[in-house]
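Report on the structure given below.
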């Protein structure tokens, strides 16, 4: 088995090739990629938690250090100016010495402003990639060379195709997230509050709240009907009926994004609904293959939701086909099937059809779908169908010609459980689909 160092070396070669291509296409000499800067809280002397530029961590697994800079030209060894000030107020990261540093020219940067003296004087054909546009302007970059859209489009498009190094990192992130999910399930079983379940997850994964790739969703009972619920109640409800956890982890800057739903009563109707949605999710994954458009699988999932609505007597007197055609499945599954995953949880280029940035929007019927790409080998995506009981979405259906098909008594009986979401992370290969999540036996 190849070591992470050898995989990184191959990864770097791929990035160098992409850099040569994009520089040649846009008549540039180099890219200057900025890790980012600390952002000060308004009227305060503290900063927001630092979040690194994803284009920076694509090159080096440095995720917590601001004021770092990468100079890449696709030919010479990438040069990293690593921010290493003399500071007794804050901890300072030592110069890195790891599996990746033999391939990078690492130089200390004692003061953030010193970067101006380190760069070549002639920068007319250099593009700045980062979010500190005022800093780029101060360094003399013209507006057209600050995050030029054609360059970003190219870089974003090819980020969809993960290298072996990236896939190895994402599998490690999966392992960490699975450990956290198991700890959270045990906390739920013991009757803990949302707040304490979240602490159990963070403890098991070794993450802080600011380290996880997105805000953990830890929802008991009807809270799981809020798609991005992040309140974290400190006290458990008087009766615990259900538990939804949508939580991930990071490894070298790469994300995992997993969701599971559980019920306290394994013999309840809601438990049967969880089991059947799990079956349909796995069955859908079994049909996924390279060369097909992701949008088609989203539509297929709505057909499977219609099947569940019929078999669980939630919608009656209308065919499954008509349910999908009339949009009856939409209030039960209001979000997309999933999204690209990688350096970002909602990774780039979900709608991009080529490296020139050609966009294909989600269908108007399914506006929250986050990916319209044709699936190809090395893409990593989430598959996360849900089935929810959301008052605001169901309310319009209580009147009108289709109201008679909704079993409102049964729907209202399930509303206190909130909803279900089951999410796995998959890798597209030439002849198969790898389910990184299920490979780790997370049921």
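The first residue you see is number 1, and the count goes up from there.
Each residue, glycine too, has its Cβ placed from N, Cα and C.
As recorded in Swiss-Prot:
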- 246, 257, 423: Mn(2+) 2 binding site (BINDING)
- 257, 339, 384, 423: Mn(2+) 1 binding site (BINDING)
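Structural mapping of features recorded in Swiss-Prot.
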residue	record	DSSP class
246	Mn(2+) 2 binding site	strand
257	Mn(2+) 2 binding site	strand
339	Mn(2+) 1 binding site	coil
384	Mn(2+) 1 binding site	coil
423	Mn(2+) 2 binding site	strand
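With a cut-off of 8 Å between CB atoms and residues at least 6 apart in sequence, the same chain places 246, 257, 258, 259, 260, 338, 382, 383, 384, 437 near residue 423 (Mn(2+) 2 binding site), listed in sequence order. In sequence order, 345, 346, 347, 350, 370, 371, 381, 382 make up the list of same-chain residues 6 or more apart from residue 339 (Mn(2+) 1 binding site) whose Cβ falls under 8 Å from its Cβ.
Taking the centre of the Cβ atoms of 246, 257, 423 as the Mn(2+) 2 site, the nearby residues of that chain (Cβ within 8 Å, site residues left out) are 217, 247, 248, 258, 259, 382, 384, 421. With respect to Cβ neighbours within 10 Å, the binding-site residues 246, 384 differ, and 384 shows the lowest count. Other Cβ atoms within 10 Å of the Cβ of residue 257 (Mn(2+) 2 binding site) number 27 in total over all chains.
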